[in-house]
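Working notes, structure below.
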Amino acid sequence: LVAVCVSLLGAANIPPQPLNLKQFKNMIQCAGTRTWTSYIGYGCYCGYGGSGTPVDELDRCCYTHDHCYNKAANIPGCNPLIKTYSYTCTKPNITCNDTSDSCARFICDCDRTAAICFASAPYNINNIMISASTSCQ
């Protein structure tokens, strides 16, 4: 029993592997001035899922990012929601560093492009938490 407790204590000191979405959140904050939470529920595509026509330029950024992740998922063994990658942030510049892992590089490029797009697109407060049934046709 003591051996089990000691091994569990040792395992508790191992930091969790960051997931891709955490990296994407950090990239968003590197490229722009808004926090990633500003984009949850924005338009028809920012946040989980999406449908219809994007309502503005920022929503198109989310639409494009969603489709980029769909393309990444077509790479054998590539899961864009959990695959991590290497990048450098020198605010506001982002550089993807993976060269040998095509999945990691593809996802990093998806996230980098979206983060830069978010930073440059106008933010319309009226497009937060809109009704999908009426606005996302």
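Backbone N, Cα and C atoms are what each Cβ position is placed from, and that goes for glycine too.
As annotated by Swiss-Prot, active site applies to HIS65 (among others). The 10 Å shell around the Cβ of HIS65 (active site) contains 22 further Cβ atoms across the protein chains shown. In the three-state DSSP classification, HIS65 (active site) falls within a helix.
Residues or ranges marked as active site in Swiss-Prot: ASP111 (among others). Under the three-state DSSP scheme, ASP111 (active site) falls in the helix class.
The Ca(2+) binding site feature in Swiss-Prot is assigned to TYR45, GLY47, GLY49, ASP66. Sequence-distant contacts of TYR45 (Ca(2+) binding site), defined by Cβ-Cβ distance under 8 angstroms and a gap of at least six in the same chain, are PRO54, ASP59, ARG60, CYS62, TYR63, HIS65, ASP66.
In this view, ASP66 (Ca(2+) binding site) is surrounded by 17 other Cβ atoms within 10 Å of its Cβ, with every protein chain counted. According to Swiss-Prot, the feature alpha-D-mannopyranose binding site maps to TYR48, ASP66.
According to Swiss-Prot, the disulfide bond annotation covers CYS30-CYS89 (among others). CYS89 (disulfide bond): 15 other CB atoms within 10 A of its CB, across all protein chains.
Residues or ranges marked as disulfide bond in Swiss-Prot (evidence: experimental evidence): CYS44-CYS136 (among others). Sequence-distant neighbours of CYS136 (disulfide bond) (same chain, 6+ apart, CB under 8 A from its CB) are GLY43, CYS44, GLY50, SER51, GLY52, THR53, VAL55, ILE130. Under the DSSP three-state reduction, CYS136 (disulfide bond) is assigned to coil, being neither helix nor strand.
Cβ-based neighbour count (10 Å, all protein chains) for CYS62 (disulfide bond) stands at 22. The disulfide bond annotation in Swiss-Prot covers CYS46-CYS62 (among others).
In the three-state DSSP scheme, CYS117 (disulfide bond) falls into the helix class. Feature annotation from Swiss-Prot assigns disulfide bond to CYS61-CYS117 (among others).
Spatially close to CYS68 (disulfide bond) yet at least six residues away along the chain are PHE106, ASP109, CYS110, THR113, ALA114, judged by Cβ distances under 8 angstroms. Sequence annotations record features per position, and here Swiss-Prot assigns disulfide bond to CYS68-CYS110 (among others) based on experimental evidence.
The secondary structure of CYS103 (disulfide bond), as reduced to three states from DSSP, is helical. Look at Swiss-Prot and you will find CYS78-CYS103 (among others) tagged as disulfide bond.
Reduced to three states, the DSSP call for CYS96 (disulfide bond) is strand. The annotation disulfide bond is assigned in Swiss-Prot to CYS96-CYS108 (among others).
Look at Swiss-Prot and you will find 1-11 tagged as signal peptide, backed by sequence analysis.
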Distance [Cα-Cα, Å, rounded] between CYS78 (disulfide bond) and GLY49 (Ca(2+) binding site): 19
Where CYS30 (disulfide bond) sits in the secondary structure, as DSSP reduces it to three classes: helix
Alpha-carbon distance [ASP111 (active site); CYS117 (disulfide bond)] in Å: 10
